[in-house]
Amino acid sequence: MWFLILFLALSLGGIDAAPPLQSRVVGGFNCKKNSQPWQVAVYYQKEHICGGVLLDRNWVLTAAHCYVDQYEVWLGKNKLFQEEPSAQHRLVSKSFPHPGFNMSLLMLQTIPPGADFSNDLMLLRLSKPADITDVVKPIALPTKEPKPGSKCLASGWGSITPTRWQKPDDLQCVFITLLPNENCAKVYLQKVTDVMLCAGEMGGGKDTCRDDSGGPLICDGILQGTTSYGPVPCGKPGVPAIYTNLIKFNSWIKDTMMKNA
């Protein structure tokens, strides 16, 4: 599945030995129940593969590298492996990867230096509108650029260990810092562009991880990004992760939703 290949194959420059194994490489914690009502769990053939963000009753935003041939989603979940009466299951009627995302990169066994993963966004149209409740709510797109130094919250059910790919039952939250893009450009061999955000902790240990892709990055209370890619192992010191800079895509998101309502 291509979303796994992307995460595992990205190469880094100027990076020394990996940090020792940590029980929670993302350095996160159990999110307060129902505190992230826009969080979406994206599935392929009954397997959780990515995160997502509910934008309105009919649309979910996720990462383009999560592309597969069919999807289903769960809304309003807190426990990944348990049934919850308040959660809502929806099929996806159609997916809309950003036309500027280079899908051919997902076919490669290894990712070459200089590869450009810009435009890592995809919209999913739900087959049936979500019911808006206390635990299922959309979140608005940003209206202004985020500032480096902002405190951000990322969330998801991705791996909580760096190499053994251990998923949690509880939705995980982690606080990280928005950094200048130069911090990422120095350590990745792939391109870091202005449609990306760089976020993490330079000391390591706090990070998103495999299968968090497409989930929300909320900075100073505003949705500013979605998880794109990061180092292997996750939480590597000196290596922040890459997120898609959503304000650069407001027009595409709104136009796509309107034309395909």
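Backbone N, Cα and C define each Cβ position, glycine as well.
For Cys198, the cysteine that Swiss-Prot lists as its disulphide partner among Cys184, Cys209 is Cys184. The most densely surrounded of the disulfide-bonded residues Cys184, Cys198, Cys219, Cys234 is Cys234 (count of other Cβ atoms within 10 A of its Cβ). In sequence order, the recorded positions near Ser213 (active site, charge relay system) (Cα within 10 Å of its Cα) amount to none of Asn102, Cys152, Cys173, Cys184, Cys198. When the Cα of Cys66 (disulfide bond) is compared against those of the disulfide-bonded residues Cys31, Cys173, Cys219, the shortest separation belongs to Cys173.
Using Cα positions, the member of the recorded positions Cys31, Asp120, Cys173 nearest to Cys50 (disulfide bond) is identified as Asp120. Spatially, by CA atoms, the recorded positions Asp120, Cys198, Cys209 include one closest to Cys31 (disulfide bond), and that is Cys209. On the 0 to 100 pLDDT scale, the model's mean across the domain 'Peptidase S1' (25-258) is 94.
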